[in-house]
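Step one of this worksheet: look at the structure below.
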Amino acid sequence: MAPKRPLEDDADSPKPKKHRTGFKIGPDNLPDGTHRRKVIKIKKDLIHKAKVKKSYAKLKAREPITPTPIPTEPGEPVEPASQDLHPERQAMLDAPRDLTPPVNQTQSFSQGPQQRRSKRPGYFEKEQAFAAQKKAEAEARRLEFERREKEKKQKIEERERFRKAMAKARTGGKNGQRKLGKESKVLLEKVRRIVGE
């Protein structure tokens, strides 16, 4: 028997694209519960990482990264390209260096304990200042809240007083007639309040 020869049409056409199935993590038939949620979390993490990697590759292909030049002088500080140095650090770098040799131990013993002891470093000064600032802000918010609550209560009481006065004025007096004198005083007070605002 002669071997089959390939069709001429198949040689010219490109191969069909294979369908990608995506990430396969864990079994498909997991019931709802801890294990399924863990598998879903892992899958989401992998998808996110793949997207980040893909976008980074696109960015890298678009803009090639140029290395930063290394300074030749040893005294020149290396600064990051996008970030400035903290002002305290800059002041430390700009300050002149004290090149005096360290003190001998025999000299330090003769000085006494009061002179050797220096001011303790304030490790938590920034945190304490930040906490004090937060405390002051919280106190200001509390006072503002109390002020607003007081105003709200006053307005509610005033509205209630006005409602009672109007209800009393509208109730029928002798012969079932409205008390226009009392009603007019309440309405006049309301108009003055509106105009005053």
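Each residue, glycine too, has its Cβ placed from N, Cα and C.
All annotation found in TrEMBL is predicted automatically rather than curated by experts.
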Item to check | Range among 21-55, 126-160 that TrEMBL annotates as coiled coil | outcome: 126-160
Item to check | Helix, strand and coil totals (DSSP H, G, I; E, B; other) for the compositional bias 'Basic and acidic residues' (85-97) | outcome: 8 helix, 0 strand, 5 coil
